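Enquirer: Per TrEMBL, domain 'Response regulatory' is recorded for 19-133. Residues annotated as 4-aspartylphosphate in TrEMBL: Asp68. The annotation coiled coil is assigned in TrEMBL to 139-166. Summarising the annotation, TrEMBL assigns domain 'Histidine kinase' to 182-408.
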Amino acid sequence: MNINLEDIKQFKQMCLNISILMVDDEVELTKYYKEIAQRFFESVDIANSGAEALEMFKQNKYDIIYTDLNMPGMHGIELIKKVKEINPKQKFIVISASNESEKLMDLLSLNISGFIVKPFTINSFMHVSMEQISIILQAKLLLEQANELNKDIVKITKEKQDQEQMLIQQSKLAQTGEMISMISHQWRQPLSSITTTLSGLKTRLDLGIYEEEENPVEAITADFNKAFEKIEDTAIFLSKTINDFRNFYRPDNKKTTIDICDAMDSVLRILNPNGNNIEVDYKCADVDNREVYTFEGELKQVFISIINNAVDALLEKNITDAKISIYITQDADNIVVSIADNAGGIPENIIDNIFLPYFSTKSEKNGTGLGLHMAKTIIEHHVNGSLSVKNSEVSNGAEFIISIPKSKEKD
């Protein structure tokens, strides 16, 4: 191969970021190799024995190792074997005398990249090296592209996660007004009960009823104790309700192990479907492990979305004897939550679409179309479970089935 000036320029450009190690037991010869190689490569190391080369390889990264075969101590083939035990992809180009070509089969079995016959010349050096350097550069380019692609994937994944979190919060906020209305409705009766209790005590005192008792102090004490007990019970209920509401809007920073029945109890205290004259048939089976590992607020959001949909369907269709059935059971690996209503079911032509974003069967003022979509996203992506829906002949309505992996026992 005849080398011209353009070939030399091209080769020098290719070698800019390539590092090499040149190995030969003849000291003057390695100096000569280095003098030639440094015209092209920025990083050139030399070693005068196989053992020295092996140690240098362990401490540095070389794109190509050029080595003689016939060296005292560690032979060139032994060096290649030891290096490839550490890095099977390491590229070797052998520089050796033509009378050693009988070792060619051994070299081929070691998957060497090239062979330069002594005497070493610039022409042969460039000719053999150029093809391997081209392969190295292509591999580096592909690796850079793969790294960039991986960065893009990480960025897109992060953006998707951020978007999901934004939609989850948006879905929560969309439920705020409805939930505040529910809580204010729930609080009317307990607050009225407190007012009635206190009013009754005041009336008895004002009318002098206690003065007619055989032991007025004892009668007053008994009535006041009953009143205080009733007020305390009511205050505890109100406190639990507001805590449930507050915890629902608390950001979930990390997963925790929770009792799924406790989570459902909390949701039912907030929603109180009974306040809409809807019967709730709720059974939490005595399962051996009711714990799930999840974001508590997000799981409650799923329950709220599904139960609210059932309540809305029952009210919109003005169902008599309206009923929501909630059963928590288990199979071998999962806790299964079934939430069904008796509102007549979902039309077959839209049932496959109800988990799509912004798809809603409600009127525009009552629905955003985010609730069920985010419920499915949370269960499948954040809990590693499943959420499905079907029309149930048993309940005569829609039945949502949530399957969540049980929390594993901690070692």
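Each residue, glycine too, has its Cβ placed from N, Cα and C.
Tell me about the setting of these features in this model.
Expert: In the three-state DSSP assignment, the secondary structure recorded for Asp68 (4-aspartylphosphate) is coil.
Averaged over the coiled coil (139-166), the predicted model has a pLDDT of 83.
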Enquirer: Hey, what's the Cβ neighbour count for Asp68 (4-aspartylphosphate) at 10 Å?
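Expert: Within a 10 Å radius of the Cβ of Asp68 (4-aspartylphosphate) lie 23 other Cβ atoms.
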Enquirer: Same chain only, please: residues at least 6 beyond the ends of the coiled coil (139-166) with a C-beta under 8 Å from a C-beta of the stretch. Say none if there are none.
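Expert: Sequence-remote neighbours of the coiled coil (139-166) are 17, 377, 381.
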Enquirer: By DSSP, how many residues in the domain 'Response regulatory' (19-133) are helix, how many strand, and how many coil?
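Expert: Looking at the domain 'Response regulatory' (19-133) with DSSP, the answer is 56 helix, 24 strand, 35 coil.
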